């Protein structure tokens, strides 16, 4: 049975949601450490110091601050990302004059992923804003930048809406787009290139779970090495906007370089690299297997 575009989009969306869930459940503690170290590099000497201080100050739950919005963010982002990825693959086929069922090259898949990420950024930005603020709430309060308040998802959402209205949820959108669009070119490019390496002449669809996870991890490494400084700037903009200071991408970049040096743009890189392999490996494993399961069910039906 040949699926219509609506059914195919629904399958890609559902598989993307499964991948996003797996990604968060696998890598959330490392993401929390990353955001803390990006936003307050002077407070932590490194990953181990950040972990120990977080545990002593807030307990084990401190590693999972922002998990609810992170789940929402990743499910929303990856649902839209993979749904649009399938659509953008068709657009690339039309642009280069290929048949609708033709296999794309690794470079063409990378371009499709880059285009798709622009749509995903629109749903990711609001939820990631809430996540980043929750993850750094303790540091913001103890440093005196904001008054002590209730640290829940709902309280953060209400505060953003009260201060800035609906558009307040898009603090850091330009830096999010600047991270996502080039970043996902390397993400999907690295993933597809790695899958081609493991397939070595066979179909990529025949790859087992270990090559899939390694390919996903390699894609994640490629993404973060390419755009990590932009992610650091984005975290600063989204967290420090709590104080009412609205600084843009360029001003934030210049301020970090002038006051802290260029190395500050790489604060938190270690937990990000550690997280990249298991989290992105789990993402693609869940995506590929759930998508294959649904496609098989559709063909049988």
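Just so you know, glycine gets a Cβ as well, placed from its N, Cα and C.
Since we're looking at a predicted model, the values are computed, not measured.
Listed features, source Swiss-Prot:
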| type | residues | note |
| --- | --- | --- |
| TRANSMEM | 5-25 | transmembrane segment |
| REPEAT | 7-91 | repeat 'Solcar 1' |
| TRANSMEM | 68-88 | transmembrane segment |
| REPEAT | 104-197 | repeat 'Solcar 2' |
| TRANSMEM | 110-130 | transmembrane segment |
| TRANSMEM | 168-188 | transmembrane segment |
| TRANSMEM | 207-227 | transmembrane segment |
| REPEAT | 207-293 | repeat 'Solcar 3' |
| TRANSMEM | 237-257 | transmembrane segment |
Averaged over the repeat 'Solcar 2' (104-197), what pLDDT does the predicted model reach?
90
Per DSSP, what is the helix/strand/coil residue tally across the repeat 'Solcar 3' (207-293)?
77 helix, 0 strand, 10 coil
With pairs restricted to those 6 or more apart in sequence, evaluate whether the transmembrane segment (237-257) and the transmembrane segment (168-188) have 3+ C-beta pairs under 8 Å.
yes
With DSSP as the yardstick, break the repeat 'Solcar 2' (104-197) down into helix, strand and coil residue counts.
78 helix, 0 strand, 16 coil
When the repeat 'Solcar 1' (7-91) is classified with DSSP, how many of its residues are helical, how many are strand and how many are coil?
75 helix, 0 strand, 10 coil
